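Asks: Dumping the structure here so I can ask a few things about it.
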Amino acid sequence: MIKAGLKWMFLIIGTMIGAGYASGRELWEFFGNESGVAIILFTILFSICCAVIMSICYSQKTIHYIPVLQLLMGKKLTSLYDYMIILYLFSTTVIMLAGGGATLEVLNFPYWVGIIIIAGLLVLLFVWDTKGITSMNSFIIPVLITFLIVILFSFQMLDGFSINFNIYEQRNWPAAFTFTALNILPLVAVLAGVGKEIKTKGEVWIASIGSGVVLGGISFLYNESLLKVAHDIMFYEIPLFAILKHYPYYMVLVMSFLLWVAIYTTAASGVFGLTTRFRKYVSVPLWTLAFLILLTMIPLTTIGFSTLIAVLYPLYGILNLYILAAILLYPIVKKYSNVT
């Protein structure tokens, strides 16, 4: 039970820790100053959401996310959120492919070669069906987390570990809701894909509480570290590099590689969500379906997606607040309906 729970925990963290999170950009955009309570609130909200989603997946033995949406949103809204999830996973994965290609350009790989490399590794991952992505996350995510924690802890030690937390100056607490909401859609898609493999309720609690505590702890430490270099962040596209300037150059190379790995895990989660959604319509192995989906994505990496994301992400944020509310209220609604 513990081993399985940890496996799902790393799957959740792998879905959550994409390039935006690992680079510090996502955290800095949402949190920053006066955000201690916001991060604690996020930890609680995230754990509850994971527990509710996984409980539904476990009880329904899901292989894709439609049954989860139907229970949470009702049949009428399920179609809307189904299209939203497909569009979200598709657009995010295309951006990750483009980012993976651009990252490898630093090592003098041509852009297209970089994209083909990351796409090829994604197809290879799904040769082992769902075991591929869970095994990959169980290996890669602990490494990524360890490096992040070591860097952040050692950076804090340079300054005497002077973390400030004033309970009376916490005006950014509403950010907890928008930050949690933004990450709900991919979680629903990915966790629903492994519902039939969750064997016990204990796995649900280990994964949901564990992932919330780990992500909350890292987020707090990361945010406090970024506050110390706040005056330098404007000069860096990747806020993490403002911290890494205090370290030898080889650490920049190591973390650049790990950022590429974070891009890969995000892309893998996106492809996994899409393949599990469409696998019932085609009788082909999961890796073949992944190959076909990636084949449609590769030409789109040439398009400028900044405008698309500028329109889509705020829309996702607003609509995701609704599904966040539905998830948080689901246990109460279920209990009330059972009583009546």
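Every residue gets a Cβ built from N, Cα and C, even glycine.
The following feature annotations were taken from TrEMBL:
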- 38-59: transmembrane segment (TRANSMEM)
- 80-103: transmembrane segment (TRANSMEM)
- 109-127: transmembrane segment (TRANSMEM)
- 139-158: transmembrane segment (TRANSMEM)
- 173-192: transmembrane segment (TRANSMEM)
- 204-222: transmembrane segment (TRANSMEM)
- 249-274: transmembrane segment (TRANSMEM)
- 286-309: transmembrane segment (TRANSMEM)
- 315-333: transmembrane segment (TRANSMEM)
Asks: Based on Cβ pairs under 8 Å, which of the stretches 38-59, 80-103, 173-192, 249-274, 315-333 lies most in contact with the transmembrane segment (109-127)?
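Replies: The listed stretch sharing the most Cβ pairs with the transmembrane segment (109-127) is 80-103.
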Asks: Do any residues, 6 or more residues outside the transmembrane segment (38-59), come within under 8 Å Cβ-to-Cβ of it, and if so which ones?
Replies: 8, 12, 30-31, 67-68, 71-72, 170, 172-177, 179-180, 183-184, 187-188, 191-192, 194-195, 198, 201, 203-205, 207-209, 211-213, 215-217, 219-220, 223, 324, 327-328, 330-331
Asks: Compare 139-158, 173-192, 204-222, 315-333 by their Cβ pairs under 8 Å to the transmembrane segment (80-103) and return the stretch that comes out on top.
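Replies: Looking at each of 139-158, 173-192, 204-222, 315-333 in turn, the most contacts to the transmembrane segment (80-103) are made by 173-192.
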Asks: Do the transmembrane segment (139-158) and the transmembrane segment (249-274) share at least 3 Cβ pairs under 8 Å, sequence separation 6 or more?
Replies: yes
Asks: Residue list, the transmembrane segment (173-192) vs rest of chain: Cβ under 8 Å, 6 or more residues beyond ends.
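Replies: Distal contacts: 8, 11-12, 15-16, 30-31, 35, 37-39, 41-42, 45-46, 49-50, 53-54, 57, 62-69, 81, 84-85, 88-89, 92, 269-270, 272-274, 276-277, 313, 316-317, 320-321, 323-324, 327.
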